[in-house]
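According to Swiss-Prot, the S-adenosyl-L-methionine binding site annotation covers 11, 46, 67, 122.
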């Protein structure tokens, strides 16, 4: 991953403003668009210690995740009082297993993730700088089974007004990254500089967007 020390340091210092304490309401609202059923497998890239993993595990028999930070993965299981089975996969990866959950530690690009029916990306693509996003998406495509679907949550703002992460990934870039896939914009939540949080960040506009991305069967 690009600049892994940045993320290791964030977790070590507990500087995790990107972490939501509750299940993402956008996941709850739009997951049905992926046509889920219990037998369909799910992958959550760069999953951190997301509460979304718990929610997804109640609806699917297999939920895989990958997270660079071992601190995050251990915290996830400890905070839920889960005792996972831990398997050393290689010098780079460990696998934490508990019921429906299979969480790998280490690099997203080399973790031995199995292909899945559905992918949920809430804070992964937007965490990556522009120079690595195409490589990230290519790996995502490799892990998606034919006919599979991706629920993607992104941000769109003027990148010159804030350094990121999270980075701005506008629709034009989504169209380029997922060329050949069916792309549907499900939701667009737009705020301008009259919104106090947006003004505080020095942004003129800010949009959170939800996409359904579908591969051919």
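Placed from the backbone N, Cα and C atoms, the Cβ positions cover glycine too.
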- Could you tally the C-beta atoms, other than its own, that fall within 10 angstroms of the C-beta of residue 46 (S-adenosyl-L-methionine binding site)? 23
- Which chain-mates of residue 67 (S-adenosyl-L-methionine binding site) that are at least 6 residues away have a CB under 8 A from its CB, listed by sequence? 46, 47, 48, 49, 73, 103, 104, 105
- Item | Cβ neighbours of residue 122 (S-adenosyl-L-methionine binding site) where a neighbour is any other Cβ within 10 Å | 24
- Per DSSP, three-state class assigned to residue 67 (S-adenosyl-L-methionine binding site): strand
